[in-house]
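Below is one structure, written out as structure tokens; the observations come after it.
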Amino acid sequence: MTIHSLEDLPAEGVSGRGVLVRSDLNVPLDENGVITDAGRITASVPTLKALLDGGAKVVVAAHLGRPKDGPDPKLSLEPVAAALGEQLGRHVQLAGDIVGTDALARAEGLTDGDVLLLENIRFDKRETSKDDGERLAFAKQLAELVSPEGAFVSDGFGVVHRKQASVYDVATLLPHYAGRLVADEIRVLEQLTSSTERPYAVVLGGSKVSDKLGVIESLATKADSIVIGGGMCFTFLAAQGYSVGTSLLEKEMIDTCRRLLDTYHDVLRLPVDVVVTEKFAADPPPQTVAADAIPADTMGLDIGPGSVKRFAALLSNAKTIFWNGPMGVFEFPAYATGTRGIAEAIVAATGKGAFSVVGGGDSAAAVRALGISEGSFSHISTGGGASLEYLEGKTLPGIEVLGRPQPGQTEGGGPA
């Protein structure tokens, strides 16, 4: 699929031009509102800097969390504006609203090389509305912030699988381009789906089988092996007839897991041992047991050392690796060993020439939390859900729209 890229925009000249950029600045905050992981802010900088250095008047739209009933002071983008300004090396204005009088006045007052961050885009319910008309009306107001002759740059890969006003609808109204982050993500994922060097190993973790079912079924016919860890492995173990104690279990998915094991028994790889404890907390003493001998009064919170050793050996021979989801509750030091072991095995394989992709979300957070160099992997995605849906073969609305003719053009590129 051919999409319009950011490299096409400077050719037309951005100096003095208003550019609306949809970034993914959805960073985690602690109880005091302090950013605990600025990875997504860092990832947004190259596109913004390129536009600002070119003299564009940049208006940034982004969200934080999931506001339920309109504006929520705890989800204001104020700390994000400060952090973004530090990384850009210039002042970032924060509008007090999204498309209201403050945002309009600030947008009109921008000079070349200025940047304005709108308040949390999801404070307006129309952003995520299922009603096409509501979303389009909101998108038109967003487009007005960079009119006349405005442009739209999509650089929030973590939201391109959402059909939302600032992701999809605004791209139907303005000349649209993929930012550097989005273009790079697409290039990497295309490599995982169309030009994969084998052996191809996939590592899947996280809590629920239901969240990963689509990608398991899609990749089981493409990958040479799929390692299953994290909370989801216990539903697979239960499908084999094993008792899993009080471990996380999706009973409604047991039959599905049994079918997957029957169909893809030569591809799926399950843990041979797990680390268990009596309650979900950081302090109870951990115990390593065989995967088929989990005590009834315990829950599994990590894969065991035997599993790490077996999976690491498999990964050492891989030429392509995709990893999405931690192997255990890495936030608790006693149950981070499995995730660390798998991460280090992928790093080692990468050092030997393997192409490795960390599929965003909790996996990327785990890499940073465990102090593992991000540069040790070939690519760390900023979009967990978007990456999975792309690999499933789904159409991502925010990507599909970037391949459409620019407003006023036909499919052939000429005027309408």
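Even glycines carry a Cβ here, placed using N, Cα and C.
Computed from a predicted structure; not experimentally measured.
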According to Swiss-Prot, which candidate in R106, R122, R258 joins D24, L25, N26, R40, H63, L64, G65, R66, R162 at the substrate site: R122
Where the record names K212, G300, E331, G360, G361, D362, S363 as binding ATP, the maximum Cα to Cα distance in Å: 24
Among H63, R122, K212, which are binding-site residues, the residue with the most C-beta atoms within 10 angstroms of its C-beta: H63
Among G300, G360, G361, the one of these binding-site residues whose Cβ has the fewest neighbouring Cβ atoms within 10 Å: G361
Distance from G65 (substrate binding site) back to G361 (ATP binding site), taken between C-alpha atoms, in Å: 14
Least Cβ-crowded entry, counting other Cβ within 10 Å, from the binding-site residues listed as N26, S363: N26
